[in-house]
Amino acid sequence: VCKRHLIIFGFAIWLYCIFLKTVLFLLFSTERCDEVLATPLPYSAFSSSSILGADFGAGYAKLNRRVGNGGWSPLDSDRYRWLQVDLRGRKQITAIATQGRYSSSDWTKQYRLLYSDTGSNWRPYRQDGNIWTFSGNWNSERAVRHELQYTIVGRYLRFIPLEWSEEGRIGLRVEAYGCAYWADVINFDGQGVISYRFRQKKMKILKDVISLRFKTSKGDGVLLHGEGQQGDYLTLELRRAKLVLQINLGSNQYGSIQGHTSVSSGSLLDDDHWHSVLIERYRRSVNFTLDQHTQSFRTNGEFDHLDLDYEISFGGMPVSAKPSSGGPQNFVGCMEGIHYNGDNITNLARRKRVDTSSFRNLTYTCPVSQTFPAFFNSTSTLQLPGQSEADTVSVSLQFRTWSPSGLLLFTPLMPGGVELSLVEGKVVVHIYISQGKNARVDISSGSGLNDGQWHSVHFLALESFAMLTINGDETSSVRASLPIQIRTIGDYYFGGDFFHTHKNIFHSRSFQGCMQLIHVDGELVDLHAVEKGMLGSFENVSLDMCAIIDRCVPNHCEHGGRCSQTGDTFKCSCDGTGYTGATCHTSVYEQSCEEYKHLGRTSDSYWIDPDGSGPLEPFKVSCNMMEDKVWTTLVNDLPPQSAVSSGSDPAQGTVLRLNYSMTTDQVNAITSSAEHCEQYVAYACRMSRLLNSPDGSPYTWWVGRGNEKHFYWGGSGPGIQKCACGIERNCTDPNYYCNCDADQRQWREDAGVLMYKDHLPVTQVIVGDTQRSGSEAKLTVGPLRCQGDRNYWNAASFNTPASYLHFPTFRGETSADISFYFKTSSSYGVFLENMGNNDFIRLELKSAYMVSFSFDVGNGPVELTVRSLTPLNDDQWHRVEAERNVKEAVLRLDKQHREVRAAPPQGHTQLQLYSQLFVGASGGQRGFLGCIRSLKMNGVTLDLEERAKVTPGVKPGCSGHCSSYGMHCQNGGKCVEKYNGYSCDCSLTAFDGPFCTDDVGGYFESGTMVRYDFMSDSTSAPVGKGVSGALGVEGNLTQEELSFSFSTSHAPSVLVYISSKTQDYLAVVLRTLQIRYSLGGLKEPFTISLDHRNMANGQPHSVNISRQERLIQLQLDHYPTVSYSLPDASDTVFNLVKTIFLGKVFETGQIDPVLIERYNSPGFVGCLSRVQFNRIAPLKAALRPAIPSTASIQGVLVESNCAAFECCVCLCLICIIAVVIFTILCTLVFLVRHMFRHKGSYHTNEAKGAESADCADAAIIVNDPAFTETIDESKKEWFI
């Protein structure tokens, strides 16, 4: 029994293994779709343009076969040869391979691949936006295989050799890999519609999956449509050869919710080739895929379900759904593989399970296209014969192109010629006759004809007139008369200028695009015969295919850049977008106010772009540059003290909405990167309660980020239903936690600052207690203020050559930008690197003067380098910016040095990476030693600090910012290192502001005095500047510096007086400016007088005095410095400096009586600013009472920006002068008009001597010998 059980068990295991193997085989083979397709075919399945001999036939061109002469070779080796394979049915092709002719010198180096269902209307294989050129073989034996980037479907394959062996000729053996393909096909005639009825009358659909393939030669038509009575609809439609998906999940009756969403994709879809469509929807999220290009979007509105009634139709709209005006056209063409939410519609139609009654003749085959297009590039020409010596020129054709200009047709006449061209999007005909006197006739019609659509042109010249018709609109035909009768030669040249040496030909760019349905002399040209060499001739024309490419779909111009194109390239216009570069990828603005500050900018409004090249648009903010912080301010539209009116629904309360001048995402970008944010709120109330109690329901709440409700008020925090007075326990009524909750009849207020930045900004405030009689409330919500930029200062220090940080793989397939700051003392090192199979991207410090940006997208390595004029290993911050897109690569260093490299016109464009991104050393590369900060890749800041916290050899943050930014601290300001940046310490200067550049000044009224006392010190030894004197203590000085600015119109006065505990002093007084030094040893003070200058003229003046021992240097305003010397008898030590007086002197002890008698009364009246004695700023100390000092003020001193005051005075004077001048001019004009233009009367004031003068001018000259004007001047007419 056990043995029997074992046998049964073993047999079961065997069956299971066989089953598993079969399933895995089927799955594997299905997934790979990698069957050999060409080798099993018979000889007759292969054909070619020509063969070198019987043993070189196309049927011998099978991979690894040696029969015949070991492969195919054509009779002639040129670019018009082709090898064709009939796969005997439609197949999915996933890969191809080629080989040279066996044991020969014949192989193909490069080739193109065409495919078709019918053996006509060929479609070239495209990749990376171009007709792809495959690399072939470099010998006759080794096979080269290429995996296709996407699967193609077709029955016929055609290989076009482009380059071949120099030692031999074209030689080729080929193979195709793939699997079978089958799908039900339905031909739509423009009348019939497939109606798929739902099992239920109404369908409420949360998820949709719709797929189909279509081909058509018509640019307009509805592919599918469904709608519901509630206004929901789903429509897929061709419009001007573009596919448009329209979807509406619901709009409300008031119009406040608009659900309509429209997205377009693709271009040139009327090319009579198969295109695949996939629509995937889950709730409001939609993926819309056309030919491997996917667009992801969310529908508008707030609804999730698609409500459809009765049915969904394919091929058009049912008659019941069409508007009375007719509506869009039905689809004309073929569809296959129609699937709707799991149901195979084409299969159901074949089995009569869906309504197809609207079809006249339903067929399940797709007719072969009857058109035979020709594709022209910039070097293409096509010559066709016509009637010779005829009196008529009749040519018509259809064309499509993106190029604004190009030659469509030229035909010579006897004598002369006719030229039909596209010029700036319109068709222009030049008819010129060179017999006898040259004559020329120009006709033009149409506009915007370079839009990629098919357009028809018909030109007729008969006897003595010519006519041009565009798009068959005969009512708009343009006619012109001809000077002589037409006489033809009989040759017609299309797409190229054969007679470019002819003197009279209007030169224009060669046509790039497609032509079809060419008629000459009223007869349709048989291009099949042209292809076989039986009719006409051609050069570089691709027949039976239209390979025009829309290079603007998908649009590589980012951020709203406008794309324009020609036949071989595209360009982006970035005007007005806020971005720059070949694809409008790079922002022209800085990322934050913090960055503007470190560029040396002052407080102002600036445009910022927090995510750089990311999707957020730039927006304008107010930047307030403080000494230690930078505030970013975002203003809302709610006026201060806005009265709260009673709402219509007491239960809902009154809703006050706040709008900011930017989107929610833009505001969130500010708050997310900021270190701190705050917003002031104030609620003024009279019998209007605010929050109630911590345990009760609040009367008022506010809505912040993410539409979340919050029940705390300014001065409190999340989860605490209190106001600021409740936190500080100083509310009006101690029984409540808000002043307003006491419900008193007097006006009260609850105000404070909201500081939890993840909840900000305030977007709504809902006020609930204003319905009662006597209830009143006023609301104030201040601007959102944020400071700091964590992204800008996000840094890491790399301490060893082997240290690195790793991040997820960088995704920058078609567009990539990288920017960062670095500082180092090393002369080399890798900044970052990301690898792929063959692709890579790397930024590196190559030397102490050079930065390198290298990459490979499959076309071979490319390296850009920029060289600095100064060393980069100077331990200062340097900025690197690198960008690569489908058009070019750019490397910038410190915004000064730049290199640009254009992308090749043909080749790979996508960067395929797979490894982790390494910042610092990796893979044996030379590691970077130093600091990297603010690393951004495609607009996303990498968090270096967070990763550095858990990585050995790397430390978060970086010190030493002052070495790079310290020069921004001016006027003696000291740069102070911070963890995230730096600040300027202006405490020992006479200036304020973030960079110590703002003057500190004050306006002195009569009798105003500022006094600054030095602190007592027992030290009396002589000291130099910057020791005790700099610290504000008494001392003996052998050198000092005094500087200040002033403006006044009053004299005499005391500007500055510095006293001592002895009789030493320094005084600067004004009647004429005078500097008085008394240091002892002299009977009278040493005086420097400037008698020749009036300094009390109301203009600003600056004074700089410096002394070192006996040498005194004085500089006034912008004049050169003048040197003076103390007499030998004078002492050189300023003993025991005691007090600084500004504006007036009030001192006990002995004072120079001259100062008191002549200058001290009534005191200085005017403006003093930036007063500094050594390192003491007495005026600033007096005006900044928050800073402890010995400064004091007597009288009225008003802080004033003296420079601004002076500018205002100057502006006022300028305005007054301008008004006076204007008045004088008006008066003069009136007088001149009165003298020369009297109206209503006629006066003759003849000069004496007029009788003997020849003319009036001569009479004036005779009468006034002193007349100095010329006769020409006297003849001027005055029109006033």
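Cβ atoms here come from the backbone N, Cα and C positions, even for glycine.
TrEMBL does not curate its annotations; it predicts them automatically.
Of the listed residues Cys958, Cys962, Cys958 is the one TrEMBL pairs with Cys931, by disulfide bond.
Cβ neighbour count within 10 Å across all protein chains ranks Cys958 highest among the disulfide-bonded residues Cys931, Cys958. Taking Cβ pairs closer than 8 Å, the domain 'EGF-like' (548-585) reaches residues 126, 129-131, 242, 265-268, 293, 375, 377-378, 400-404, 406, 452, 512-514, 607, 609, 613, 617-618, 814-815, 817, 883, 885-888, 890, 905 in its own chain, all 6 or more past its ends. With DSSP states grouped into helix (H, G, I), strand (E, B) and coil, the domain 'EGF-like' (548-585) comes out at 0 helix, 10 strand, 28 coil. Mapped onto DSSP classes, the domain 'EGF-like' (959-997) shows 7 helix, 12 strand, 20 coil.
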